[in-house]
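Each remark here refers to the structure printed beneath this line.
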Amino acid sequence: MHREPAKKKAEKRLFDASSFGKDLLAGGVAAAVSKTAVAPIERVKLLLQVQASSKQISPEARYKGMVDCLVRIPREQGFFSFWRGNLANVIRYFPTQALNFAFKDKYKQLFMSGVNKEKQFWRWFLANLASGGAAGATSLCVVYPLDFARTRLGVDIGKGPEERQFKGLGDCIMKIAKSDGIAGLYQGFGVSVQGIIVYRASYFGAYDTVKGLLPKPKKTPFLVSFFIAQVVTTCSGILSYPFDTVRRRMMMQSGEAKRQYKGTLDCFVKIYQHEGISSFFRGAFSNVLRGTGGALVLVLYDKIKEFFHIDIGGR
């Protein structure tokens with residue numbers, strides 16, 4: 001007699017629209033704030049990653065490193081060009097991060113139902129990894145065209161509109177869709193899924209796991225939470241960085257008559273053969289600095305959820 005109501009109550013908790021909506025809001029607001037703050041580093045990282053595949057950047061005009069890029073961008077393109085593509089990035093990142101966080105908690109409920117952390121630690125740990133990876137892969141399917149457009153806008157150099165390849169987000173999507181079809185907006189999607197699972201599994205899983213080991217997870221001091229998040233985002237970013245480099249190189253091919261790479265594997269091989277293994281990590285230090293924004297997202301998300309009095313699911 002008591003089992004059926006309990007089951008319905010569990011289903012209601014699992015698919016609570018109000019809680020899901022608050023998750024979207026909390027994750028989205030935190031993401032928008034942090035991405036705007038680190039937008040200049042984001043652009044430097046993108047340019048260093050794809051300049052070898054960009055027809056707009058000649059070999060002699062390529063950036064020598066992060067410092068050279070930081071100095072030349074305002075001089076050649078204007079100071080506010082550091083935020084070029086930032087609006088598209090915020091639009092893209094809001095649903096991406098919001099969906100990641102929202103789905104993560106729902107997946108946690110699915111994967112971790114009945115799992116005792118003290119008695120089944122490794123099962124609990126793997127459930128955290130699985131929920132993070134599944135959340136990232138699910139949201140990527142929805143927002144990939146926006147991620148693609150943000151990348152192309154971010155590496156579109158030139159001081160004036162007449163020197164740029166795209167006028168804005170809408171123009172970028174329309175031009176690529178017209179020349180390559182919808183498939184062109186999903187160039188590099190396969191390797192993106194691989195990379196996002198690796199990144200999100202460690203990003204969410206390790207953060208939740210480490211925080212869960214603390215005596216009072218919900219009362220963790222801000223600085224401690226930030227330090228944990230910083231270490232997690234740095235390690236996750238370096239681990240998945242080669243996947244990110246390859247996917248962005250693949251993105252650069254859409255809309256081009258002649259393609260440099262036949263596919264993901266060919267891209268991996270050619271980068272290694274012609275540029276060396278270090279090219280997979282070009283811009284990685286910028287990514288470490290950029291990871292500060294990711295760390296802020298994790299911490300702000302918890303604080304925003306506390307503000308809305310949302311249960312953080314045992315963290």
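Yeah, the Cβs are placed from backbone N, Cα and C, and that goes for glycine too.
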Message: Is it the case that I304 shares a side of the membrane with K218, at least as far as the topological domain names in Swiss-Prot go?
response: yes
Message: Check the DSSP secondary structure of R247 (ADP binding site), expressed as helix, strand or coil.
response: helix
Field: Composition by DSSP (helix, strand, coil) of residues within the repeat 'Solcar 1' (18-110)
entry: 80 helix, 0 strand, 13 coil
Message: A 10 Å Cβ contact count, applied to the binding-site residues R92, K104: which residue has the minimum?
response: R92
Statement: Quick note, R247 (ADP binding site): same-chain residues at least 6 apart with CB under 8 Å of its CB -> G188, F189, V191, S192, G195
Query: So, by DSSP, how many helix, strand and coil residues make up the topological domain 'Mitochondrial intermembrane' (212-222)?
result: 5 helix, 0 strand, 6 coil
Field: Rounded mean pLDDT for the residues that make up the repeat 'Solcar 1' (18-110)
entry: 82
